[in-house]
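Chemist: Take a look at the following structure, please.
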Amino acid sequence: MITAYFSDKYARRGIFIMFWSIISTIAYIILILVDNFALKYFAIFIAVGGLSPCTAICISFLSCNISPHIKRATAIAFMLSMCNVGGAIGGQIYRFQDAPRFIMGHSINLVCCILSFITAAFLVVYLYLENQRRDRLYGKVANYTLTNPNTDTIDVFGLGSVEDRQRWGYENMSEKKIRDLGDKHAA
């Protein structure tokens, strides 16, 4: 809940995914290297505690950065499908013959945590650079109506405010042309 609160408060998702991926990575390293069962038990809780916030934050990361709604729904459904496939794979990588250390299972999860960190870092940098590019092209936008809770009107047709149209590069387009963009609309 704390992660969700601060993630929403600062409108940052990637940094929290990276943080919890590092925590889980450390936990899996402990699981691989240490023989003390008490420490391993503690590391399991840390690994799960680090991975759980990542799933929820990934859903909001997708919903904030993919549009329009058809692509967003498809991306979220695909992500959740892959999470469920991961559950099926989990039963296969933790084999009976690998007990009690389960090096293969922990190593695969370790690699997945590292890939999660790398992917989140790449997306944070890419989206930052893309926003900088848009700022250079269209100027800074002071008011983001899509995340402003004080907005009185709902933009049903996805036309956007003047600031939104400027940010998307649609300031010289008619309402009909913006509506006709359909799936290619930036919002």
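Any Cβ shown, glycine's included, is placed from N, Cα and C.
Grabbed the feature section from TrEMBL, which reads as follows:
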- 15-34: transmembrane segment (TRANSMEM)
- 40-62: transmembrane segment (TRANSMEM)
- 74-94: transmembrane segment (TRANSMEM)
- 106-129: transmembrane segment (TRANSMEM)
Chemist: Take the C-beta pairs under 8 A between the transmembrane segment (15-34) and each of 40-62, 74-94, 106-129. Which stretch has the highest count?
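Modeler: Stretch with maximum Cβ contacts: 40-62.
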Chemist: Short question: which residues 6 or more past the ends of the transmembrane segment (106-129) have a Cβ under 8 Å from it?
Modeler: 14-15, 17-18, 21-22, 24-25, 28-29, 31-32, 47, 50-51, 54, 61, 65, 93
